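Have a look at the structure below before the remarks.
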């Protein structure tokens, strides 16, 4: 305690001396000549998450301590709780205008759990609903015998999973390529893009159930409504990333994203639900004179 005694003696000898407490934070003067941000770039950083913290989170999400051939490596992709999955599903169904889906929901912890089960549920929903739709369309026709088409499950699985993996892979490669050409292009990680596409497909699950209604007008209204919701999620996510690129390339990129998304919905509706009218064998009606009369039914 000799130091405290010396300090007390010095303070008593010179009461006007300035004292500094070690508990008080020391102010560091700001650099007056620091570079100012360009107007509008703060909004882009908010949408894209291009600040240092987001880069750290992105790199942290990509770093894996375990080798890729081990179970622990893939276990990290499914490290998500129920509340996070539900929150991301709500974000894909009720998109917030001007908010980036990756920045708002995905970047802290991208996962494959939600996209995998959403795609699996959508596969069985489309296959089962397509069979039921075909049953209700031909219900009441005496020559129709219902036979479940199990091949629709494999066709739906191939279509949905190919879209949910190959399209994000192509988009990720394109963004990486454009990032090497244009400095302001933001390239999302492959896992983040798969997350966005996987959760954007959730709206088609209730839509596929409602497609059982045998009314073409109702079905097309549901298609347009689902495309507006899921397509807006994709546009608000990827448009801020390519907006600084060449104008034609940026518009073509977003247009291609929406076109492929629309082709998936329209293709599923046309193949699994809008079944063509079938010509059934005409029943044989015996005539009174011993001959037979055939009638054609459609």
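Each Cβ is built from the backbone N, Cα and C atoms, and glycine gets one as well.
If you look up TrEMBL, you'll see 41-51 marked as compositional bias 'Acidic residues'.
Look at TrEMBL and you will find 93-265 tagged as domain 'Yip1'.
Marked as region 'Disordered' by TrEMBL: 15-52.
According to TrEMBL, the transmembrane segment annotation covers 112-133 (among others).
TrEMBL lists 153-177 (among others) with the feature transmembrane segment. Long-range contacts of the transmembrane segment (153-177) within the same chain: residues 115, 119, 122-124, 126-127, 130, 185-190, 193-194, 196-198, 201, 238, 241-242, 253, 257, 260, 264, 267-268, 271-272, each at least 6 residues beyond the stretch ends and with a Cβ under 8 Å from a Cβ of the stretch.
Below 8 angstroms of C-beta separation, residues 58, 61-62, 77, 88-89, 91-93, 101-102, 105-107, 110-112, 114-116, 118-119, 121-122, 125-126, 129, 132-133, 136-137, 160, 163-165, 167-169, 171-172, 222-223, 225-226, 229-230, 233-234, 237, 261, 265, 268-269, 273 of the same chain, each at least six residues beyond the ends of the transmembrane segment (189-214), sit close to that stretch. The transmembrane segment annotation in TrEMBL covers 189-214 (among others).
Residues annotated as transmembrane segment in TrEMBL: 220-242 (among others).
Among the features that TrEMBL reports, transmembrane segment is placed at 249-273 (among others).
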Six or more residues beyond either end and a Cβ under 8 Å away: which residues meet both conditions relative to the transmembrane segment (249-273)?
126-127, 129-130, 133, 152, 155-156, 159-160, 163, 167, 171, 174, 178, 200, 204, 208, 211, 219-220, 223, 226-227, 230-231, 234-235, 238-239, 242-243
Taking all residues of the domain 'Yip1' (93-265) together, what is their mean pLDDT?
88
